[in-house]
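Here is the structure we will look at.
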Amino acid sequence: MPQTLADMRRDYSRSGLCEAEAPLEPFSLFHQWFAEAMKTEQLPVEPNAMSLATVDGNGRPHCRVLLLKGVDERGFTFFSNYESAKGQQLRARPFAAMTFFWPTLERQVRIEGEVEKVSSQESDAYFQVRPLGSRLGAWASPQSRVIRDRTELEELLALTEKRFLDQAPHCPGHWGGYRLLPDRIEFWQGRASRLHDRLNYRLEKGGWVRERLAP
């Protein structure tokens, strides 16, 4: 018989997550897990792919998949068009949540916090290392706006290519980076019988508090 959605499941038995072996702050654990994901989640899977959830001014949630482009003790960095739908949502409510899922490792990381724009210098530095086509696309595409058809987009790209025929495209003012400043990071490790390990880090005035959550 064909498998139904109700029948689709897998058991997890690869590893565990113990408080005694976990660091007191979350960033070193994220770096460790991400390094392991880089080794196991082979292309075409992108280990730095994440879902990013935002909320608009009416309280309606929106979610999409983006690529993480930087992480340090300040937070998690991604780039976008500031005039896009997500840009408008972050302007109205500067908070977001992101989730990484690495199925080979049976792991998930959830991150929540306030979002700020990175400096123009950071945005420009990243923009300059992007492929030429991506840089031209940032100028050409009116992201999230309704367009007539694919032909209109190709026409906009052709105009942009003509504009920058004799010069390298610089970072447009409507494009740049955001940094999510985490106040909560949860590490999830799949375990047998759905009794998963969940270690949650929440930021308090005195620093990070580590706690185990029931699955």
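Including glycine, each Cβ sits where the backbone N, Cα and C put it.
Fair warning: this is a prediction, and the values are worked out from it, not measured in the lab.
Annotated substrate binding site per Swiss-Prot: Arg9, Arg10, Asp11, Tyr12, Lys69, Tyr126, Arg130, Ser134, Arg194, Leu195, His196, in sequence order. Arg194 (substrate binding site) has a Cβ environment of 10 other Cβ atoms inside 10 Å.
For Arg64, Val65, Leu66, Leu67, Leu68, Lys69, Phe79, Ser80, Lys86, Gln108, Gln143, Ser144, Trp188, Arg198, the entry in Swiss-Prot reads FMN binding site, with the evidence type sequence analysis. Look at Leu66 (FMN binding site): DSSP puts it in a strand.
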Cβ atoms near Leu68 (FMN binding site) (within 10 Å, other residues, all chains): 19
Spatial neighbours of Lys69 (substrate binding site) among the binding-site residues Lys86, Gln143, Trp188 [C-alpha, 10 Å]: none
